[in-house]
Amino acid sequence: MKDLLKFITCGSVDDGKSTLIGHMLYDAKLIFADQEKALELDSRVGSREGEIDYSLLLDGLMAEREQGITIDVAYRYFNTEQRSFIVADTPGHEEYTRNMAVGASFADLAVILVDATKGVITQTKRHARICSLMGIRHIVLAVNKMDLVGYDRERFWEIRKDFMQLSYGFAPGSVQVIPVSATAGDNVTGKSENMLWYDGPALLPYLETVDVAKGVRSESFVLPVQRVSRPNHTFRGFQGQVEAGSIRVGDEITALPSRETAKVKSVLIGDRESEAAATGQPATIQLDREVDVSRGCVLTTSDSIEVTDMLSATLLWMDDGPLVEGRNYLVKAGTKTLPGTVMSIKHKIDINSGDEVSAGRVYKNELVVCDISLSEDLIFDTFENNEALGGLILMDRVSNATSAAGIINHSLRRATNVIWEETAVTREHRSNMKAQKPLTLWFTGLSGSGKSTLANAVEQRLAAMGRHTMLLDGDNVRHGLNKNLGFREEDRIENIRRIAEVAKLMNEAGLVTLTSFISPYESDRQNARETIGRDYVEIYVSTPLEECERRDVKGLYKKARSGEIPNFTGISSPYEPPENPEITIDTADMSLEDAVDKVMKQIMIYMD
């Protein structure tokens with residue numbers, strides 16, 4: 001079986017990536033006769049002097065052909081006598097950086113193209129750093145369009161020097177710099193007569209022989225569990241792909257995070273029993289005793305894999321909106337997906353210099369180092385040791401779109417230093433003493449919607465019934481606990497996070513807690529729901545913006561319209577209506593008394 005090389009082409013827009021790979025396939029006779037004929041026919045449209053447009057072999061989307069740029073990742077599979085290849089031709093335009101990162105995540109080697117007429121530019125540096133972040137250790141710098149600079153040796157060495165200085169910042173395993181002309185075919189599949197001063201290999205021969213072995217990595221067995229198989233009451237197997245090492249029947253393994261041990265009773269590859277399973281194989285592992293294992297757990301023989309609920313990560317930010325501290329996301333690492341919060345942005349990484357740059361927020365296509373807090377323990381290893389357990393992505397809580405991708409740097413020390421202290425008087429004791437079930441009634445809505453008035457009236461009704469309550473109002477809390485917070489997005493996020501934690505503590509004390517906050521972001525309310533748990537009841541005061549602005553009891557809308565108040569919800573800052581609130585009240589359509597009656601009737605379902 002031939003050795004397989006997975007590589008990508010990347011670099012700035014119009015550097016000739018698709019043309020380079022297309023010309024390589026064409027010259028090496030690695031395309032079928034009908035593909036060759038179709039290429040020649042397609043090239044007649046818009047070509048100069050009947051020249052073949054080799055990029056058409058890779059650019060398949062109509063928009064790509066019309067604009068002459070790559071938008072999506074194009075994968076090609078081909079073989080030579082020496083090796084099998086999978087190439088991902090990735091887009092160079094900054095707008096499609098996330099597509100480039102997807103291509104880089106699968107590759108062992110990157111061919112980074114540089115236009116000889118432009119040299120090393122910002123997008124070249126961005127792609128080089130993304131390749132490093134995604135674990136690519138081997139780089140070919142293809143200095144393209146050498147024909148446009150007269151095959152000038154000095155220009156080549158100037159670009160080579162600039163890139164080598166850049167590469168010192170992320171220390172790749174190897175860098176091979178090759179002068180080429182994708183259009184003319186110089187140094188693509190064979191040595192060029194136009195650059196006799198270059199004594200290195202041409203591109204294809206180099207790709208056929210380069211050693212991209214991962215180097216010394218852990219040989220310990222690692223299988224992240226994707227699924228628990230229970231075809232009948234006598235069989236319980238754990239399914240997943242072996243990411244490192246091998247395992248045999250009779251070997252002892254450890255299940256993480258429980259750290260229970262057991263011996264391997266049987267191994268199945270597909271539906272056939274086997275004595276062993278090795279790296280890259282999908283396997284089903286049956287153990288000789290019952291252990292606590294589910295999707296997201298890891299079976300291993302390693303003692304170096306860590307478990308943490310707080311970590312440092314380096315991320316490529318992909319979202320159109322900015323990253324701010326306190327924002328909550330879904331974190332996916334290995335086979336586990338769990339809620340997590342970006343606690344702090346430590347610094348951005350300057351694309352040009354690699355220097356650390358302080359930042360309050362991070363924008364699309366920027367690199368950032370940040371600290372993340374997780375809702376429960378996550379199993380991880382270093383990315384260098386195991387890519388499957390060392391990489392992670394952040395997903396938007398509402399849309400499930402990928403917001404960031406990156407690697408785990410290390411666990412935070414405070415994660416192991418802070419231990420939960422169990423108290424003798426429990427939540428149930430406190431609740432029983434008050435003879436009530438604790439709840440958090442979370443009132444949300446626009447300013448002027450009537451949520452504070454309604455929450456106050458509901459508390460009065462509860463107090464009259466002998467219930468023990470506490471009302472947390474948005475304005476009142478900002479006089480004390482949240483006095484240091486403003487109204488920027490990151491401050492609003494932290495405001496709601498603190499209130500959710502306070503409400504949870506009050507529920508622990510047995511109280512019925514009422515909170516009246518605009519809480520404009522769906523993801524923050526979802527985070528509050530998860531923090532508070534089963535006691536959370538969301539009450540959406542859905543009074544329309546027009547009615548809220550007509551009331552304008554505090555004169556805030558008038559000031560917001562005149563520009564005196566920035567970041568005012570509903571005017572210059574968004575409000576995201578709840579998707580599935582437990583209770584919805586429109587105070588424009590009913591009296592206060594009727595609104596209170598409706599709330600009381602419905603919350604009694606949760607209190608009984």
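Numbers here mean position along the shown chain, with the first residue as 1.
The backbone N, Cα and C atoms fix where each Cβ goes, glycine too.
Bear in mind that TrEMBL entries carry predicted annotations, made automatically and left uncurated.
These come from TrEMBL:
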type: DOMAIN; residues: 2-219; note: domain 'Tr-type G'
type: BINDING; residues: Gly445, Leu446, Ser447, Gly448, Ser449, Gly450, Lys451, Ser452; note: ATP binding site
type: ACT_SITE; residues: Ser519; note: active site, phosphoserine intermediate
- From the centroid of the CB atoms of Gly445, Leu446, Ser447, Gly448, Ser449, Gly450, Lys451, Ser452, the recorded ATP site, which same-chain residues not already listed sit within 8 A by their CB, in sequence order? Ile518, Val541, Thr543, Cys548, Thr587
- Out of Gly445, Gly450, which of the binding-site residues has the smallest number of neighbouring Cβ atoms within 10 Å? Gly450
- Query: Cα-Cα separation of Gly450 (ATP binding site) and Ser519 (active site, phosphoserine intermediate), in Å?
  - Reply: 14
- Query: Between 0 and 100, where does the mean pLDDT of the domain 'Tr-type G' (2-219) sit?
  - Reply: 81
- Using a 10 Å radius on the Cβ of Ser447 (ATP binding site), the other Cβ atoms enclosed count 24
- Item | The one of Ser449, Ser452, Ser519 whose CB sees the fewest other CB atoms within 10 Å, among these recorded positions | Ser452
- Cβ-Cβ distance under 8 Å to Gly448 (ATP binding site), same chain, at least six residues away: Thr543, Glu547, Cys548, Glu549, Arg551, Asp552, Val553, Lys554, Leu556, Tyr557
- Item | Cα distance (Å, whole number) from Ser519 (active site, phosphoserine intermediate) to Ser452 (ATP binding site) | 13
- Message: Can you tell me how many other Cβ atoms are located within 10 Å of the Cβ belonging to Leu446 (ATP binding site)?
- Response: 23
- How long is the line from the C-alpha of Gly445 (ATP binding site) to the C-alpha of Ser519 (active site, phosphoserine intermediate), rounded to the nearest angstrom? 7
- Query: By a simple count, how many Cβ atoms lie within 10 Å of the Cβ of Lys451 (ATP binding site), its own Cβ left out?
  - Reply: 28
